[in-house]
Every structure is written in structure tokens, then in C-alpha cells.
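Beneath this line is the structure, given in C-alpha cells, with notes to follow.
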Amino acid sequence: MASRPSAAKKQPAKKAAAPAKGPVKKAAAKKAPAKRAPAKKAAARKPAPQPAPNPTNGVYRLVRALWLGLAHGVGAVFRGIGQGAKNLDPAHRKDGVALLLLGVALIVAAGTWADLKGPVGDLVEILVTGAFGRLDLLVPILLGAIAVRLIRHPEKPEANGRIVIGLSALVIGVLGQVHIACGSPARSEGMQAIRDAGGLIGWGAATPLSYTMTDVLAVPLLVLLTVFGLLVVTATPVNAIPQRLRQLGVRLGVVHAPETDEFTNDDERYDEQWREALPARPRKRAQPAAAEPYDPDAAEQEALSRRRGRPRRSAVPQPEMNRPMDAVDVAAAAAAALDGAVLHGMPPSPLVADLTQGVSTGDRESTTPTPTPVPAARPQPGKLKKDATKAAGGEPAGGAVPDLTKTPLPKERDLPPRAEQLQLSGDITYSLPSLDSLTRGGPGKARSAANDAIVASLTTVFTEFKVDAAVTGFTRGPTVTRYEVELGPAVKVERITALTKNIAYAVASPDVRIISPIPGKSAVGIEIPNTDREMVNLGDVLRLAESAEDDDPMLVAFGKDVEGGYVMHSLAKMPHMLVAGATGSGKSSCINCLITSIMMRATPEDVRMILVDPKRVELTAYEGIPHLITPIITNPKRAAEALQWVVREMDLRYDDLAAYGYRHIDDFNRAVREGKVKPPEGSERELQPYPYLLVIVDELADLMMVAPRDVEDAIVRITQLARAAGIHLVLATQRPSVDVVTGLIKANVPSRLAFATSSLADSRVILDQPGAEKLIGKGDGLFLPMGANKPTRMQGAFVTEEEVATVVQHCKDQMAPVFREDVTVGTKQKKEIDEDIGDDLDLLCQAAELVVSTQFGSTSMLQRKLRVGFAKAGRLMDLMESRSIVGPSEGSKARDVLVKPDELDGVLAVIRGESEG
């Protein structure tokens, strides 16, 4: 009872306090923004109880770490092996594939022939027997044959695709027929029934045909597929089946071989070579070579068009030569030319008369007898002109190229040997040397691991220097590889050229040459030397189809350019050439290839040569060849006289051209052969075709030191006028300075070939531009023919001394040389007439010209102008006094000049011994 009142008293107090809650809350709400009570921190969670340590966890971690370490180690080993296999030589890869096939063939043979037990035997039975059925015994033989072919012919990878397609068609066709012959078992009869027939391959080939059409139609279709596969494997077109069967009969002795000459056999080998599939070319549609019917003529035209689709390797297209190479009877015509009848008061050229002497009876008896083959047919000039027109075409259109290589290696093929017999006299025939005298070179590389590494290095350089450029491709040559770099938008070409030293540092090669841009392309070229250089053999260049089809006797093989194409050019179209380079740069090899090319293609009736060799050792191998018009000249003074004789010969030829109204010696020779040109009535002269005259000076510097004025005047006159007369000049020097290769000589010698030089100044003297100082030597050169804007980098061809000796001996056996006695006879007369002059003839001529032109005879002037000493100047003045050019000495006064300027030519002629007065 006492507790209830207290409770009652408490309840009103609660009610009284209740109305006061509202205002209090509002007041609290107003004060809340001013001061907020801090939030209570969450109670910290108690840490979970740690489990007791388990001893097996440490073992697990140890095992896991060991396993991962082992996996990483094995992976690193295999990655290293894979990287090494990637850099493996392609020949080793091919050998590895062949040996792998031999191993597989051995395992399959053990499983099918010897009933191998174990898991491997069961696998062979499941795979091989299940796939090939009853013919599983032939699978090891097939694999072994493929492996043997890969080992024996690793250089013909282009035929692998054709053989795979042919074998596939052959196997499918045969197994399909076997399946039908065994009753066409179905899958419902069990796998063993299919194995006893044609296997899964035969079941898959025959079942659809038998289901959709009867076996009567399925069997002929499978037979056609088999025949097609056989033809593709043997590379035999349908129209050549009778010929192949005939050849097979001849080999087996069933059919007698038809009587054919060596040229027919060469043509058969020529066609046989073209039946091989052509390699897959970039920018061409990808299609197996055996998927089209084969036409030999069409294949030949297609191959030539592919080669001529890109610009000819020689910088100027080769037009046709209007000089038929048929057999010509020279003896009777040249004998009549010896009569020396005068035409319009001008004697005939004595050069034509040499060919009548021919080979004496003793020479013919002493020489080795040669068989007399039938003359080979020559291509028609019209066809050559048409082919030359095609050769001027542009780049073939095509799609993208999967790899970076731009130009594949040119496909070589065997050609009929050039053994044309040309009649040089009544009973003597001249046989050109065979191409077998020149060795073949090895197959070139289109790509190597070093090229890929350089591409990566170039890309790294562009990335590091923040140049928006990318390597889009490269073309590999025998000496250097040219990498094509395309620039991004608004990127200056100078940014690439400024990185020359950085690029050289990145690729570890100091000889880096940048071409900006590549002619005909919107790309910058970076030429970097190859670490594995290739040899370019002269025989490979002369075996090309273009060389065999062109009848130009002046066509010369120079080498191979940076794109892998062979460089050939006609000296008749150049028309004169300057070859220069430092010692060891390849200049002598170039001269050897030039002379050997002429001997391989031209007879002495076509080309006569004058060789000047002041060194006495460079051209001695060619002594005695019938193409020479005079023995090899080693005396520089006699060389100057020979050049003067060439000028006189040129004038005689021009007299004939002017008299008969022809502008070029080729037109005149053609008219003579066709009988359109006849001497005037009463003349006993019989006109003869003029041969080309090739003058080769091996060292121009030696000539310029002995007789600079006479040599320069003769060279300038020859180079200015001799092209139309069929006279061509090749000048070689290893000191291309301005006092040797003068401005007048450069102005009249349009074609240049520069090998490695020692300075930039020498490069400018030869090419009028830099570049030769960056060449790497040993045949690496820059070829600038007439009409080209920029030089072409090439690797000069090489011919060994043994090959030169073989060709020279063949030419000597055909004909003995017939020399001219008047080529250097002027020197003997000069010594007899001017004995007191001695070796001062050139200085005396210069002194006389200086004194007469200035009308001032002073010894001190001669010292200053001619840069001679007082004794030499006084002797020159005495010589001029003895020839009445100047008067006697009058002390310190100048001597009187007794000759007027208009009489200077006569005075110089008297000094040189050209006149008796």
C-alpha cells in the first residue's frame, strides 16, 4: 500500500513533463548546426582467434615454389631453343624437316611392315591404316621419297606446293578407287571393313560420289583426279604427254632416239626447265602453279613479262640493234677492199682490209680442230623491238606483300649455248665461246635473320628519337640491303637524314647511305651493307634471257643491283664510259668482265679492240686474241699515237657516211649487207661493213702525265664525234683528280661507273655528286649511265683468271690476230725527224704556242707559264730558235717572234713531224 502512492505521484510528473518536449526539441534543432555532438566510435572488433600452425602448410609452399621454379626454368630453356631455331639457317631447317620425315617414315614402316607392338604400333595402326586402308604399306615409301627430294633439291622450294597438291590429288583418287573396288563398305559395317578397303580417305572421297551418282560415274571422276595428280607431280602438261612417253621409251631402250643436233637438245632442256613451277612472286595473285593448264610458250612469255614488268636493271631501255648476225662471207669482200680504189679522192679505210688476211694455213693446221655445228637461228629484229618495247613498262600492280621483302631473286634458267658459227672467210668459221666456260654462282638470299634484326634496330631508333616513320620493306642485294622507310604526315625528310650517325651506331655499320627519296617511290631508302656478302659471277649475268635474246655485240654485263636484278648495258648506247675508283675497289675486275663479255658475244668481224695498259700487268691475259687491232700498248707515248690513229679512222668513216648519206654506222652496214650501197662507176673498191672499234685505256693518269695535251685533244675529239662512227671509248683510272679527268673529258663522257673512292672530292669528280666515298669496296659501285638522273648502286660482276684464260684460249684457237702496223708508227717517224727534241716534244709545242700567240719571246715567261726551270726554258728557246720561230738572243731584251699567229698550225705540224716542210 505504501508503494502505490509513490507510483501515482510519479505518473503526473511524467505527464507534466511531456508537453515540454516539443519546445525543447525545436530549440535543440536550431542549435544543431552550431554544434554537433561527436559520433560515437564503433566498438573495435575482437581479432579472430588464430588457428594453430599446421606443419603441412610449409611443405605445400615449398613444393609449390619448386614446381613454379621448375616450370619457369623449363619455359626459359624452351624459349631459348625456340629463339635459336628462329635464327637457324634456312638450309638447316630444310635438312631438319627432311630428317624428321625420314624418322616418321621409319616408324610408320615398322608399324605397317613389321607389325610393331606397343603404344606406338597401336597409334600407327589407328592413324595410318585407318586413313590409308590397304595402301598403308606405301606410306613409308612416299614419306621417304619426299624426304630424299628435300635433301637433294633444297634450292627448289617453289616446287613443294605443286608436289603437295599433286600427291594429294593422286592419293585421294587412288584410295577412292580402292574403296569402290572393295565393295564400298559403309560405317555401319565397322571400322575394320573400312580399313580393309581404302581407309577413311577413300571412304570420304568415294562415298559422296557413289551416293550422289552411281559408281559408274564415280570411278571415271576418280581416275581423272588420279591422272591430274600424276601430271602435276611430274610437271607434265597434257599436250606434252606424248613427248614425255617418247622420252621415257628412249630411256628404257624401247624407242630409238631421234637424230637431233645439239641445238635441239638444248631447246628440249630449255623447255624442260620452264616446266618447273615459277616461284610465288610478291604483288601477284597467289595460286598453285599446277592449277592451270600449262602452255610452254605462254609460260615463257609470262616469265619474260614478269621480269620486264619492273624497270630494266640497266638505267636505259635497250633498243634493238639493226645489225644482223647471220653468217657473212668476209674473205671475198675484204680481198676486194685491198685494191684501195679511191672514192671521191678519199682512200678506203684500211681497217676493213685486215679481215682478209684471216688465218694462215699454218695457223689453221696448228690450231685445235673444232666441230662444225649448225648455225643457230637468230631472233627477228621485229620481235626484239617488240620485246624492248615491253621492257619499258612500269611496276606491276598487285596486292599487299605479307613480308618486308620487296623484290624476289630473279629466276635463272638454262639457256641454249651461244655457239653461232659466223663465216669469216671462205673456209673458216668462228665459234663463240660457250657459256660453260663461265661458272655458275650460288643461289642468292632474299632474306636473313640479320635483315630482321636491322629492321628492329631502325624501328627502335625512330621510336627513341620520336620520328613518325616505319620500315615498310627492304630489297636485298648481293652487297647491301636497301630498307624502305615511309614517313608519317608532316614529317620532314631531313629528320631521317639527320639520324645518319645514330642509325650507323644502331646497326653497327659505318657505311650507311641514305637516299631521299627512292626514285619512283614515296619512301626514303637506307642502304646498309650485308654481313654476308654474295659473289656475282659473270656467267650468271650472261645466262639471262635478255642477254640471249639481244644480238647487240656491245652488250656488257656489269653486275647486280641493290634490288637483286642484273645490270646489263650496251656500250653502243652509252656511248663512252669513265670507270674510276681507288686501289682494290673492283675497277680491274670490271674491265675484265667488260672485255670477256665482248669476247663471249662478238666475233672479230663485229668488234675490234685497242687495249692500252701502261701498268703492263692488267691486260696481258688478252694478248693474242683475234679482236685486237694492235698488240697491247704499254708505252704511254705510243698510246697517244694510237689515239691519234683512232681520230684518223673516225674521219675516214665519216667520209663514207657523208658520201652515201647515212647518219650512223649501223645504217651504213645494213645497207652494205643488203647491197643498197655501191661504189661509183669505174671504182674497183668493194664496200665492207665497218666493225665496232672499242678503245680501252686502263690507266688514264699515266697517259695524262706523259702527253696531256695530245691525249686530251684526241679523247675530246673521239668522244664528241665517234658515236655515229661506231667507235667507243672506255677510260679507267684510280686517280680521279681534276688534272686527270679534266672538264673537257667529263663533258664528253656521259656514262660513269664509280667504285669506292678515298675522298668526297674524288666522288664529285666522277659523278658530280657525293656517294662514292661511302662505298665499301670489292666491287661495290655506283653506275650512272647516260640519261639517268641518279646513280644505281650495284655489285660488280667477277670473273676468275681461269675463266678468262679459257675464253681467251678458245678465241685464239678460232683465229690468229691480224695487227695493223700504222697504229703506232708515228712515234718511230717522230724519233727519226726530231731526235734533238727528245722527251720535250709536248713542252716545246706548248712553248711555241705560247710564244706565237703572245708574240713575246721571253725565257722568264716560259719559266712562269710552263713551270719549268731556267735551264729547261733556255733549251726550249734554243729549240725554237733552230726552227726559226724566234730570233737570236739580244741580251736582256725579249727575242723577236718570227712566226705570225695564223702560221701556228703549220709550225706545230713541223715540230710534231707531220709535215716535211
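Quick reminder: no glycine exception, Cβ is built from N, Cα and C everywhere.
Classification of Ser588 (ATP binding site) by DSSP places it within a helix. Neighbour list (Ser588 (ATP binding site), Cβ cut-off 8 Å, at least 6 residues apart, same chain): Glu618, Asp698. What Swiss-Prot lists as ATP binding site is Gly584, Ser585, Gly586, Lys587, Ser588, Ser589.
What Swiss-Prot lists as compositional bias 'Low complexity' is 8-22 (among others).
Taken from Swiss-Prot, the feature compositional bias 'Basic residues' covers 23-44.
Swiss-Prot lists 391-400 (among others) with the feature compositional bias 'Low complexity'.
For 564-764, the entry in Swiss-Prot reads domain 'FtsK'.
Annotated region 'Disordered' per Swiss-Prot: 1-56 (among others), in sequence order.
Residues annotated as region 'Disordered' in Swiss-Prot: 277-324 (among others).
Annotation source Swiss-Prot lists region 'Disordered' at 352-426 (among others).
The topological domain 'Cytoplasmic' annotation in Swiss-Prot covers 237-917, and the record cites sequence analysis as its basis. In the predicted model, the topological domain 'Cytoplasmic' (237-917) shows an average pLDDT of 76.
Residues annotated as transmembrane segment in Swiss-Prot, with sequence analysis given as evidence: 65-85 (among others).
Per Swiss-Prot, transmembrane segment is recorded for 96-116 (among others).
Using a Cβ-Cβ cut-off under 8 Å and counting only residues 6 or more beyond its ends in the same chain, the transmembrane segment (126-146) has close neighbours at 101-102, 104-106, 108-109, 111-113, 163, 167, 171, 174-175, 178-179, 182, 191, 194-202. The transmembrane segment feature in Swiss-Prot is assigned to 126-146 (among others); the stated evidence is sequence analysis.
Sequence-distant contacts of the transmembrane segment (163-183) (same chain, six or more residues past either end, CB-CB distance under 8 Å): 132-135, 142, 146, 149, 196-199, 201-203, 205-207, 209-210, 215, 218-219, 222-234, 288, 290-291. Annotation source Swiss-Prot lists transmembrane segment at 163-183 (among others), citing sequence analysis.
Sequence-distant contacts of the transmembrane segment (216-236), counting only residues of its own chain at least 6 positions beyond either end whose CB sits under 8 Å from a CB of the stretch, comprise 159, 162-163, 165-174, 176-177, 180, 205-206, 209-210, 244, 275-277, 290, 294. The feature transmembrane segment is assigned by Swiss-Prot to 216-236 (among others).
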Note = Within 8 Å of the Cβ centroid of Gly584, Ser585, Gly586, Lys587, Ser588, Ser589, the other same-chain residues by Cβ around the recorded ATP site are Gly581, Thr583, Cys590, Phe755, Gly777, Lys778, Gly779, Gly796
Query = Across all protein chains in the structure, which of the binding-site residues Ser585, Ser589 has the highest Cβ count within 10 Å?
reply = Ser585
Query = Once the chains shown are all counted, how many other Cβ atoms turn up within 10 Å of the Cβ of Gly584 (ATP binding site)?
reply = 12
Request  = Enter the number of other CB atoms within 10 angstroms of the CB of Lys587 (ATP binding site).
outcome  = 26
